[in-house]
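Participant: For reference, the structure I am asking about is given below.
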Amino acid sequence: MKTLSSPSNSSTITGFILLGFAYPREGQILLFVIFFIVYILILMGNASIICAVYCDQRLHTPMYLLLANFSFMEIGYVTSTVPNMLANFLSDTKVISFSGCFLQFYFFFSFGSTECFFLAVMAFDRYLAICRPLHYSSLMTGRLRNTLVTSCWVLGFLWFPVPIIIISQMSFCGSRIIDHFLCDPGPLLALACSRVPLIEVFWSIIMSMLLVIPFLFIMGTYILVLRAVFRLPSREGQKKAFSTCGSHLTVVSLFYCSVMIMYLSPTSEHEAGMQKLVTLFYSVGTPLLNPMIYSLRNKDMKNALQKILRT
């Protein structure tokens, strides 16, 4: 692996160098094989959920249609980083162009913010289904569902353009080496020729708003759901309600715990190795686990998937 240790050497580089995972050549090839298999499994798992919802009329309900959109978003989320990471495993230079870096930056964070909004909308859907069961059909209409889905996509992809454009206009000095496997704001801002505290504060504010507001909404929703569940007279009804919400709560916990560790605690506390591991967990690990969580804990989804496999 070539490394550029001086500004004079790096002056010929028109982009950045993503160090990724520092292993010998044999280790890089092994990582390529592992992550290639993981990537294929993520694509297959999430595509299976989309196909199951599309093919089975019984799954044409708001909950499953939201899940299909969520799975499509997960495919985009991992595709924004993993293919480039796979290419870097086999590359000697590990160079990513300036435009490629900021395009990855934009799509990775846009898909991530869309996930935050989808998790909040899915919690709202569960709230209506459990707390307002008699009025659910009249409240969660096709029009409202489509409006919520469209809002998630639009808000997600409009949340970050301004700060990313501002960061892209900054001057970067030194070796331009990013000790990460993707273009992340922390390492990028560290390469800036001079610190711009206003941009750092602005970035912290929009990240905090993106994570905290949907998270508080989800927690508030589930407090109301739990209160309604415990008021149900039958244990069978309580069990069914918990099984309906269990998958979503598991996904929320996995995603938010890792992302909040990464972005809501002081960046200075995270070493490069820890940043990579935490980012790897929420950007690759959770999209891999989500299809299993949603399918294994849901009889309707399991039946639909089995039906597809038999055909």
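Each residue's number is its place along the chain shown, starting with 1.
Just so you know, glycine gets a Cβ as well, placed from its N, Cα and C.
Remember, TrEMBL labels are computer predictions, not curated facts.
Marked as transmembrane segment by TrEMBL: 29-54, 66-86, 106-128, 148-167, 201-225, 246-265, 277-296. The domain 'G-protein coupled receptors family 1 profile' annotation in TrEMBL covers 45-294.
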Participant: Taking a Cβ cut-off under 8 Å, which residues six or more beyond the ends of the transmembrane segment (29-54) line up next to it in the same chain?
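Facilitator: Here the qualifying positions are 21, 23, 60, 64-65, 67-68, 71-72, 74-75, 78, 82-83, 85-86, 89-90, 284, 287-288, 290-292, 294-295, 301, 304-305, 307-308.
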Participant: Cβ under 8 Å to the transmembrane segment (277-296), counting only same-chain residues 6 or more beyond its ends: which ones?
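Facilitator: Same-chain residues near the transmembrane segment (277-296) but 6 or more away: 35, 38, 41-42, 45-46, 48-49, 67, 70-71, 74-75, 77-78, 81-82, 108, 112, 180-182, 184, 247, 250-251, 254-255, 258-259, 261-262, 270, 302, 305.
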Participant: So which residues does the transmembrane segment (66-86) touch in its own chain, when a touch means Cβ under 8 Å and the partner is 6 or more beyond its ends?
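Facilitator: Counting only partners 6 or more residues beyond its ends, the transmembrane segment (66-86) has Cβ contacts under 8 Å with 18, 20, 32, 35-36, 38-39, 42-43, 46-47, 49-50, 53-54, 96, 100, 104, 107-108, 111-112, 114-115, 118, 121-122, 125, 145, 148-149, 152, 181-182, 283-284, 287, 290-291, 294.
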